[in-house]
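Noted in Swiss-Prot for the protein shown:
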- 1-50: topological domain 'Lumenal' (TOPO_DOM)
- N30: N-linked glycosylation site (CARBOHYD)
- N36: N-linked glycosylation site (CARBOHYD)
- 51-71: transmembrane segment (TRANSMEM)
- 72-85: topological domain 'Cytoplasmic' (TOPO_DOM)
- 86-106: transmembrane segment (TRANSMEM)
- 107-116: topological domain 'Lumenal' (TOPO_DOM)
- 117-137: transmembrane segment (TRANSMEM)
- 138-144: topological domain 'Cytoplasmic' (TOPO_DOM)
Amino acid sequence: MEREGSGGSGGSAGLLQQILSLKVVPRVGNGTLCPNSTSLCSFPEMWYGVFLWALVSSLFFHVPAGLLALFTLRHHKYGRFMSVSILLMGIVGPITAGILTSAAIAGVYRAAGKEMIPFEALTLGTGQTFCVLVVSFLRILATL
């Protein structure tokens, strides 16, 4: 029995639908033994789910901040480059540190033999971004 989105003629449309519907990692050939089809059971599924939400939530905060910096500092000689650094930190931060922390979270879940529902991945990924924002704000506040 072939699962929807696992290949064939409509495979790419089913794969895209599966990724966009919070079923984060496409299951090709039903290689996992999850009792629930919506839960994330394997390490790559959990890691990718948490990492993706950390990246998206980081961009959600850094893109408006970068655009605001670009708009307000557009006439400054060197200040206009601050917006580029804000945007880069919104991408580079989750890619470097987010990969490691998401792998640690997924490793703990996997070692405990626990499944992760997509809402937990959303909470843990956005929680990482929230912690980064709090630490960044407190660092700036300490310099004033």
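Yeah, the Cβs are placed from backbone N, Cα and C, and that goes for glycine too.
Away from its own ends, the topological domain 'Cytoplasmic' (72-85) comes close to residues 66 of its chain (Cβ-Cβ under 8 Å, at least six residues beyond either end). Along the topological domain 'Lumenal' (1-50), the predicted structure has mean pLDDT 63.
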